Amino acid sequence: MQTKGFIKVITVALILICAFYLSFSFVANHYETKGEEQAMAMAHISSPDMSNDTYKRAYNDYMSKIAKQKVWLGYYTFQQVREKQLGLGLDLKGGMNVTLQISVPDILKALANPASQNKNFNQAIAYVENNRTAQDEYVKSFCNKLQQLDGATYKDHLYQLFRNVQKVKDNPNANANQIESYLTDEVNSMVDNSYKVLRTRIDKFGVVAPNIQKLQSTGRILLELPGIKEPERVKKLLQGTANLEFYETYKWSEISGQFNDMVQAADNGESPVAAKTDSTAKADSTMTAKAKPAAAKSKVKFGQLLQMYGRGDYCVVGVAAAKDTMAIDKVIKEYGSRFLPTDLKLLWTVKADKMLGDRFGLIAIKTGPQGKAQMNGDVVTQAQSEYEQLKGQVVTMKMNDEGARQWSRLTGANVNRQVAVVLDDQVYSYPNVNGQIDGGNTEISGNFTVEEANDLANVLQSGKMVARVNIASESVIGPSLGQESINKGMISFVVALVLLMIMMISVYGLKAGNIANLGLILNLFFTFGILASFQSVLTLPGIAGIVLSLGMAVDANVLIFERCKEELRNGKNLKAAVKDGYSNAFSAIFDGNLTSIITGVILAYLGTGPIRGFAITLIIGICCSFFTAVFATRLVLENFVNKNRFGFGTMTFTTSWAKNWMQNTKFDFIGSRKKVGVVVAAVVVVVIALFATLGLSLGIDFSGGRNYVVQFSHPVSTTEIQEQLTPLLGTNGSTVSVITIDNNTKVRVSTNYKIASNDSTVDNEIMKKLYQGMKPQLGNMTYDQFSVSDETQGVVSQDVVGPAIASDMAWGATWAVILSIIAMGLYILLRFRNVAFSLGAMAAVALTAFIVIGSFTLHGLFPFSMEIDQTFIAAILTVIGYQINDTVVVFDRVREYRRLFPKQDEKLRFNNALNSTLSRTMMTSLSTLLVLLVIFFLGGESIRAFNFAMILGVVIGTFCSLFVASPIAYLLVGKKNKGLDAAAK
């Protein structure tokens with residue numbers, strides 16, 4: 001090896017860099033442990049417990065105290081150390097994973113000129129909202145629908161709608177396509193703005209090592225928030241648009257007569273539509289007839305739902321319980337236009353008020369021109385939470401000069417009246433104005449807790465969102481489940497590593513085996529160091545990716561050692577055998593690793609969350625294994641062999657029992673192709689029949705729905721639980737299923753009940769139904785204990801995937817598999833310059849994927865989930881990369897034999913290549929299966945289906961590499977050669 005000096009420098013540099021970045025994890029862990037010990041002493045408890053207020057306060061105080069202190073190398077503060085450590089992902093630490101969908105229709109409404117928002121515009125917006133696609137298709141879909149509705153006036157209408165967009169202003173002669181392009185740019189810009197606002201809010205919230213990323217071409221933003229223990233608070237923080245407005249208000253005495261008339265009409269079941277005179281009465285008779293039944297259906301009188309407040313100089317119309325607010329809003333929407341002033345808007349208080357009997361207040365808002373607020377919150381420059389003796393927690397605000405002037409005018413015009421402070425159409429406070437306020441300072445008070453005041457100040461300070469933010473999917477994992485994942489992940493990791501080391505020593509001897517094991521240890525060290533340098537987080541799929549990369553790292557050593565044995569059998573001395581063994585194995589190792597990296601890149605690009613983490617970890621692991629196996633360990637081995645250190649000068653790369661294993665085999669792989677073809681055809685028919693009769697079970701990733709993992713203190717029957725939940729969650733076309741997880745004390749409930757609803761109360765409704773349905777099994781557990789994921793029992797994790805993102809995921813997964821197969825075929829074509837090899841490899845890969853997918857029709861027959869979800873697709877793509885790796889080794893040997901024996905019969909050449917690489921093929925498959933079986937049995941439920949698919953994929957893939965890929969390539973090569981011979985004649 002001519003570059004020994006360079007490799008030494010690179011290796012030493014990598015060791016130092018990785019040690020530096022990994023040091024932050026050890027330092028952070030040291031101080032976090034110290035904080036836990038001090039907090040436990042303060043709380044007089046024996047183990048960390050964040051639900052203990054004393055412990056939580058003491059721990060947070062210690063963390064805050066040392067945050068700015070320099071604790072490492074005299075330069076890095078503890079806060080910087082924590083940011084640079086290798087963090088734990090949600091499945092290991094607990095926390096929240098949220099995918100947010102920015103409402104592009106809201107952006108279009110904000111950009112459009114109000115005067116031009118006619119019926120066609122509203123219909124086009126409604127069409128877009130009901131047919132959601134990727135972000136950059138929103139504008140296209142909207143414009144296509146508007147063009148369909150407008151016809152010949154489309155271009156003029158489009159210009160009038162968006163003439164205030166800056167790029168349209170700059171180019172008043174722009175055609176329709178240009179305006180559409182400008183709109184797409186504007187939408188992308190506003191999504192970027194939303195991303196920045198959300199990042200600011202999360203940073204201020206204080207999450208350690210959050211992951212926030214824009215998902216390209218979807219209008220979605222992914223947030224991974226480890227350690228979050230208050231998911232509802234986070235959702236409220238993320239979804240607030242921060243649309244702050246200041247309104248004048250009506251006094252009750254000014255609207256009481258009209259409001260009472262409305263209440264009387266609603267309670268009497270009158271028509272919401274006012275009676276018309278002569279010419280219009282007949283025209284509206286149908287509408288009136290339809291309206292009457294809706295009013296008459298109400299069983300509870302409106303006056304019973306809303307209790308009138310009755311203070312004439314007050315802006316509070318009435319009070320109601322939270323459960324009655326939607327019904328009240330519906331009646332006001334139906335009857336308000338007939339009875340109430342057009343500039344009256346009725347909004348609820350943000351929370352139940354003690355002054356109103358712990359109920360929500362309905363506030364009479366007086367709007368300005370065009371229904372807008374008299375003053376908006378864009379003028380606020382600073383917001384912070386403070387404590388006042390009489391009012392408790394308040395949020396104080398400072399305004400710019402223009403805001404100060406507007407506030408002075410607004411308060412001066414409303415002395416002895418109330419001004420409402422409204423955020424996102426919820427009234428936070430409605431203080432009485434005692435006199436004109438100058439200076440631009442004001443405050444919001446409303447019986448806030450410290451957390452509520454801090455979050456409100458955070459939202460106001462971060463800035464206004466340009467559009468609504470909807471939660472497309474979410475996942476909440478409790479810390480108890482996270483600790484369980486850590487334990488299982490580490491056990492599987494250590495066991496797999498030890499077994500691999502033993503296997504290498506038992507097959508290749510103590511000397512060669514330990515060289516390979518040194519490469520495995522270096523590979524691990526480099527992988528963790530690189531992950532730490534990228535400030536990545538380690539997830540359970542990530543650990544699986546590392547363990548899998550170890551199995552694939554063994555493959556490189558197997559290829560090298562098998563070639564070294566071949567060279568020794570061919571009569572070369574040890575030095576020459578080692579040199580030629582590494583050289584001749586290089587191309588197969590390079591091609592095999594690169595094909596796995598290609599599938600990893602596709603997976604990383606199309607996957608999100610844990611799947612993306614798995615892909616990135618696998619890519620890093622493969623790159624590290626390539627470097628350690630091909631370069632780093634070669635330095636050590638050649639040095640020991642050349643200088644005969646530790647007896648390496650007499651090594652044989654084998655042991656007594658493995659010496660003749662799979663050697664000199666003469667199996668006729670090509671000759672058995674017809675028999676194999678019959679078997680393959682029969683299997684394909686069976687799989688097709690399984691698809692037709694049983695079908696696949698789609699996980700919520702692809703079908704939409706909710707998953708809840710519930711931990712009990714005793715064994716339970718899934719059949720009983722399903723029977724109890726079906727009447728509650730399996731009605732009106734909804735489904736519910738219950739399966740066992742890990743053991744019979746833990747179950748997973750899946751349901752698509754109201755999954756298409758955007759109502760924020762649905763989550764709580766389902767949680768209450770779960771508690772109600774499982775009450776016989778829960779014993780004395782309270783609802784609060786059941787629903788809080790912090791607890792060790794009850795709901796320990798929950799996932800929600802909306803129908804829109806599920807559809808996108810399904811399409812993305814389909815394309816990922818198709819693109820991977822095509823990419824593999826193209827790579828084989830590029831490397832071997834022979835379409836026969838490319839088609840043979842693609843056919844074998846497609847067959848493997850088809851059979852593995854088909855095997856998952858047997859869901860329900862195995863004691864674990866066999867759903868088609870993102871994790872399963874990750875397994876399929878990994879299998880594709882692994883199988884191509886196998887196939888490439890054989891094809892590489894065929895190519896070598898063609899060069900060495902150009903006149904050899906093609907069938908003999910293929911058979912010789914297959915037989916000469918058979919020991920490597922079996923060793924690699926066995927080592928990978930060993931790793932996968934360890935993870936399958938010890939790695940936990942969340943990746944069990946993934947490992948099952950991988951195990952099937954390795955077994956079937958190995959078979960297809962030997963009996964499908966090569967025979968097909970042989971047949972196609974034979975036809976090509978016959979064609980060339982015929983042409984020559």
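Backbone N, Cα and C define each Cβ position, glycine as well.
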*Looking at 296-321, 582-607, which one does TrEMBL call transmembrane segment?*
582-607
*the transmembrane segment (515-534): which same-chain residues, six or more beyond its ends, come within Cβ distance under 8 Å?*
14-15, 17-19, 21-22, 24-25, 84-86, 497, 500-501, 504-505, 508, 542, 546, 549-550, 553-554, 557, 561, 617, 620-621, 624-625, 627-629, 632-633, 636-637, 640
*Given the cut-off of 8 Å on Cβ pairs that are 6 or more apart in sequence, determine whether the transmembrane segment (809-830) and the transmembrane segment (582-607) share at least 3 such pairs.*
yes
*May I ask you to check whether the transmembrane segment (837-859) and the transmembrane segment (917-939) make contact, with contact taken as at least three Cβ pairs under 8 Å and only pairs 6 or more apart in sequence counted?*
no
*Which bits of the chain, at least 6 residues beyond where the transmembrane segment (917-939) starts or stops, bring a Cβ under 8 A of a Cβ in it?*
488-489, 491-492, 495-496, 499-500, 503, 507, 540, 543-544, 547-548, 550-552, 554-555, 558-559, 562, 661-663, 665, 667, 882, 886, 889-890, 893, 947-948, 950-951, 954-955, 958, 961-962
_Outside the transmembrane segment (540-561), six or more residues from its ends: residues with CB under 8 Å to it_ = 89, 91-92, 485, 488-490, 492-493, 496-497, 500, 503-504, 508, 512, 515-516, 519-520, 523-524, 527, 531, 581-582, 585, 588-589, 592-593, 596, 610-611, 613-618, 620-622, 624-626, 628-630, 633, 653, 871, 874, 878, 882, 885, 889, 920, 923-924, 927-928, 930-932, 934-935, 939-940, 942-943, 946-947, 950
*What is the pLDDT of the domain 'Protein translocase subunit SecDF P1' (191-248) when averaged and given as a whole number?*
73
